[in-house]
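Worksheet: one structure, shown below.
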Amino acid sequence: MTAIQLIVGLGNPGPEYEQTRHNAGALFVERLASAQRVSLTADKKYFGLTAKFSHQGNDVRLLIPTTYMNRSGQSVAALANFFRIKPEAILVAHDELDLPPGVAKLKRGGGHGGHNGLRDIIAQLGNQNDFHRLRLGIGHPGDAKLVSNFVLGRAPRAEQEKLDASIDFALGVLPDVLAGDFAKAMRELHSQKA
């Protein structure tokens, strides 16, 4: 079991993107930082907002890239390479079109599924895709042509409340994730109902 050393929350920078569906991963990391009572601060060296906390004697680093989504890998690779963090010790939280709002799932490895942030992370990590993902459901607009405006839009209140609940569920299983007990975390998280 590999303990998680880096948790990344994907999103786009700037106030115009705050609270958009595409920033679900960044919202997760913001909530995690708050729960751990640490402040995310800008760090130009890693092209993002960073923080650190300790869990069972191990450092866990938080990162929200401040590059745009399609350049997220630049930020992740800079921090991971500097601290010699292997892909299997990274958890990337991101929005997921293929899951309904209120559903969160953990996954290890796999492709990018059309997600530009994941695509760039895989490329910047030398085509290694063996990192863990926290997939936060945002739903799908029903037509591929509508996806861009959908993910860059704000969710209606009922949808946002479901996303918030899925983030709470994910935060609840985080101790198991941090310890590397993904089987237990997945059982608990995947049994939650939206």
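Every residue gets a Cβ built from N, Cα and C, even glycine.
If you look up Swiss-Prot, you'll see His22 marked as active site, proton acceptor. The local packing around His22 (active site, proton acceptor), expressed as other Cβ atoms within 10 Å of its Cβ over all shown chains, amounts to 22.
Within 10 Å of the C-beta of Tyr68 (tRNA binding site) there are 15 other C-beta atoms, taking all protein chains into account. Among the features that Swiss-Prot reports, tRNA binding site is placed at Tyr17, Tyr68, Asn70, Asn116, with the record citing sequence analysis.
Over all protein chains present, the Cβ of Asn12 (site 'Discriminates between blocked and unblocked aminoacyl-tRNA') has 21 other Cβ atoms lying within 10 Å. Summarising the annotation, Swiss-Prot assigns site 'Discriminates between blocked and unblocked aminoacyl-tRNA' to Asn12 and lists sequence analysis as the type of evidence.
According to Swiss-Prot, the feature site 'Stabilizes the basic form of H active site to accept a proton' maps to Asp95, an assignment based on sequence analysis. Of all Cβ atoms in the protein chains displayed, 26 besides its own lie within 10 Å of the Cβ of Asp95 (site 'Stabilizes the basic form of H active site to accept a proton').
For Asp95 (site 'Stabilizes the basic form of H active site to accept a proton'), the spatially nearest entry among the recorded positions His22, Tyr68, Asn116 is His22, judged by CA separation.
Compute the center of the Cβ atoms of Tyr17, Tyr68, Asn70, Asn116, which mark the site for tRNA; besides them, the chain residues with Cβ within 8 Å of that center are Asn12, His22, Thr67, Met69, Arg71, Ser72, Gly117. Residues listed for tRNA, Tyr17, Tyr68, Asn70, Asn116, cover a largest CA to CA span of 16 Å.
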